[in-house]
């Protein structure tokens, strides 16, 4: 017999998102194009409502005979992810309207993708995990190709779909091997299952499939092309909410599902982390397209986050939450900034086009500078403290070579971060920027204040000694 109270405690946000998605479909089908403009505001409110429900049920629970299980670790991630998704929907309408592709299906797809995020974060069974991943992925493929009249957007969606399907197949095959050699798909059962060669091989395949979802090297090849070709508000969504959720799911799988065999996967995750940091820091140096540059930046930052995963549950989980929270907020702000910059009616795409931004729009340039320096991890901004926590976790876990790579990669990546700032502040303006939309400007400034200032001032309370440790405590037995 189903326990309604347990279901609500464990899955209130997902139930809300599923019901809201169905309502959006019905209203959109009945009202038609008249619902297009309102749908974005409704979609954003739906996401903020899901975040509020996650906060209300922060302690989590278990439902459906163990298929679903939530903790403070996953529910904290839901609060951040759903909030970022709501902001991403809110930012999208102006861009889509200018390109004449504003339709109610866009916020609907965002809601369904967020439903997938909620499911993977709540998963306590391999089948639930796969169902959530596919719900998120299928919505993401369509979002990447949402600008149907753009060849680049269609190409991005096709590449994402083909490579994503391959990664899903690898993940599913790995899960089937794990099930075949252990006899269970339950996370709780797998934690107690004995170690076997077949199950370890399945674990490696699952790591490969999940590494694609977080765009970690060497499974990163889709990221620059998709980031460049997909509509900018879609990329802002990809780089924030699903990125954060996927990183936490990766950590959750490693810490809970395979926590008892950490000695078998620690080196694999460390190698992926090292490759991601190297590829991300070096790859960005040659980029002229802003979105491709930020794609390589995201690959490097995934590598930094995986250092925390390789450090293990006790040391790594709080560091992962601290670093990832600051990074995704900064990343959303940066893409909102890219979304805001326009010249001659078109988007600013190349770094050289940023010339003179500080002279024309000083407030906007200051906010962008704070966000860039935060992502770069320079003190005294929030990103520095997040990266410091990851570095400390790596050193305490005796992953000294990985910590050295982290420091070197951070220094190398400064090359393209400082290049952005040099063009913005010191290059001569070539053309006048169009006026920045007040809503987008407010979002950029808010992200800069949160990521660059709030974390800088209150890092003692907000860091691994405070909320991050409390949220990560949900992983402890």
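Using the three backbone atoms N, Cα and C, a Cβ is placed for every residue, glycine included.
As given in Swiss-Prot:
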- 11-31: transmembrane segment (TRANSMEM)
- 38-58: transmembrane segment (TRANSMEM)
- 76-96: transmembrane segment (TRANSMEM)
- 107-127: transmembrane segment (TRANSMEM)
- 161-181: transmembrane segment (TRANSMEM)
- 192-212: transmembrane segment (TRANSMEM)
- 235-255: transmembrane segment (TRANSMEM)
- 265-285: transmembrane segment (TRANSMEM)
- 298-318: transmembrane segment (TRANSMEM)
- 364-384: transmembrane segment (TRANSMEM)
- 398-418: transmembrane segment (TRANSMEM)
- 440-460: transmembrane segment (TRANSMEM)
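Remote same-chain residues near the transmembrane segment (76-96) are listed as 13, 37, 40-41, 43-48, 50-51, 54-55, 58, 102-103, 106-107, 110, 113-114, 117-118, 121, 146, 231-234, 236-237, 240-242, 244-245, 248, 321, 325, 328-329, 332, 336, 339, 437, 439-440, 443, 467, 471 (criterion: CB distance under 8 Å, separation of at least six residues from the stretch ends).
Remark: the transmembrane segment (298-318) contacts the transmembrane segment (398-418), by the rule of 3 or more CB pairs under 8 A. A contact links the transmembrane segment (107-127) to the transmembrane segment (235-255), because at least 3 Cβ pairs that are 6 or more residues apart lie under 8 A. Taking every listed stretch (11-31, 161-181, 235-255, 364-384) in turn, the largest tally of C-beta pairs under 8 A with the transmembrane segment (192-212) is reached by 161-181.
Sequence-distant neighbours of the transmembrane segment (364-384) (same chain, 6+ residues past either end, Cβ-Cβ under 8 Å): 297, 301, 326-327, 330-331, 333-334, 337, 340, 357-358, 410, 413-414, 417-418, 420-421, 424-425, 436, 441, 444-445, 447-448, 450-456, 459.
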